[in-house]
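Engineer: Dumping what TrEMBL says about this protein:
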- C97: active site, nucleophile (ACT_SITE)
- C194: active site, cysteine persulfide intermediate (ACT_SITE)
- G12, M13, S14, G15, G16, T17, D18, S19, F38, G121: ATP binding site (BINDING)
- C97-C194: disulfide bond (DISULFID)
- 209-266: domain 'tRNA-specific 2-thiouridylase MnmA-like central' (DOMAIN)
- 281-351: domain 'tRNA-specific 2-thiouridylase MnmA-like C-terminal' (DOMAIN)
Amino acid sequence: MEKEKDKRVLLGMSGGTDSSVAAILLQDAGYEVTGVTFRFYEKEGDTAYLDDARELCSRLHIPHIVYDVREVFRKHIITYFIDEYLKGRTPVPCTLCNNRLKWPLLKRLADEREIPFIASGHYVQKRFIGERWHIVQGADPDKDQSFFLWGLPQDIIARMVLPLGNLTKTRVREIASERGFLKVASKRDSLGVCFCPGDYRTYLRRHTQAGAIVPGPIFDERRNYMGTHEGYPFYTIGQRRGLGVYRNKALFVKEIIPEENAVILADDLRALEHTAFYLSHWHLPAPEVVLGSQAELIVKIRYRKQANRCSVVLTPDNRLQVRLHEPLASIACGQAAAFYRGDIVLGGGIIDRVGE
Ligand SMILES: Nc1ncnc2c1ncn2[C@@H]1O[C@H](COP(=O)(O)OP(=O)(O)OP(=O)(O)O)[C@@H](O)[C@H]1O
């Protein structure tokens, strides 16, 4: 971690292992830490995470703030999540939360308190390259969270301190137990979307109005009727299980047509392949490095390891056209795409059209 003169930092504390160890490491590095826990969402009113964060701060003798953003979270993240499925798209709530809510809030609260730095327990690093700050992959390939942070502006990245960026999760757990924080060391990893950790279909059923999701036809690519689905929002592009239609070969969701409440299946994954897609809401820290670049540029459309070579051009309507060097299957509108060169994040955007 860098040595700075004014070493006050505002740390986002979820009450989990990562942000707790981040607090310990920041203190070790001489930072004067203030912890803030955002109340984003509470499953059945469970506020144990607040007690855990408070308890840890008290053990470390650091001030702790609780900031209630449940209404904003519901309005901007949960509503967006449901609406995207109802539009036949695949939402990216964690990307949106990090880029539009969590980090901007940390910055705002730090500004209000004149605290120069903001920190988290994310497994990412940052690097200053060619006059700009960039997010860089975390050292632990299984925990790297850089895919979610492509949208952060310079004034946020510049102030970020990321104590877990060069550590593995195993090492983070060891640090917690070596320092006597046994409860912290043994906490389970959080899985998936915080407000919808299980099957999103059950969640959609519970949180949409009656009549919003109704059965409709499943067609093959030639529009032959194949069966009935339970509601198009329950399907995602590329899905091959739980389709409700059985043939003696694999079937894949190729298209979702909300206006017709129809789902189109293909029996060959190659029918889902494309060599281009378009991004809106894009953000590039150094546009000249990505646009028209001849050097190796990688685009990822999923969190897990992936490496698709591409070139990118700006369209007259201010979208990014991503041209893939090899065809890629199962690209869905609504998903995020992030650009990389090596371990460096070069920005990203939201897929809003698939095809050439
Ligand atoms: N409710 C929250 N309030 C404040 N900061 C948060 C909150 N939730 C997450 N963060 C911050 O964002 C980081 C990444 O959160 P995320 O939920 O993706 O990871 P995590 O591995 O579950 O982290 P943790 O082990 O700290 O819960 C956390 O380490 C923490 O710094």
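Note that Cβ sites are derived from N, Cα and C of the backbone, with glycine treated the same way.
Curation plays no part in TrEMBL annotations; they are all automatic predictions.
Buried or exposed, and what's around them? Tell me for each listed feature.
Structural biologist: C97 (active site, nucleophile) falls within a helix when secondary structure is assigned with DSSP. Listed in sequence order, the residues of the same chain lying 6 or more apart from C97 (active site, nucleophile) and placing their CB within less than 8 Å of its CB are F40, F73, I77.
Contacts of C194 (active site, cysteine persulfide intermediate) defined by a Cβ separation under 8 A and a same-chain sequence distance of 6+ are given as F40, Y41, in order along the sequence.
Sequence-distant contacts of S14 (ATP binding site), defined by Cβ-Cβ distance under 8 angstroms and a gap of at least six in the same chain, are T37, Y49, A53, G121, S190.
If you take every residue in the domain 'tRNA-specific 2-thiouridylase MnmA-like central' (209-266) and average the pLDDT, you get 95.
In terms of DSSP secondary structure, the domain 'tRNA-specific 2-thiouridylase MnmA-like C-terminal' (281-351) contains 4 helix, 38 strand, 29 coil.
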Engineer: Among the binding-site residues G12, G16, point out the residue whose Cβ has the most other Cβ atoms within 10 Å, with all shown protein chains included in the count.
Structural biologist: G12
Engineer: Counting across all protein chains shown, how many other Cβ atoms sit within 10 Å of the Cβ of F38 (ATP binding site)?
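Structural biologist: Neighbour count, Cβ to Cβ under the 10 Å cut-off: 22.
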Engineer: Suppose we screen the recorded positions G12, G16, D18, F38, C97 by Cβ distance to ligand 1 with a cut-off under 6 Å; which survive, in sequence order?
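Structural biologist: With ligand 1 as the reference and 6 Å as the Cβ limit, the list reads G12, G16, D18, F38.
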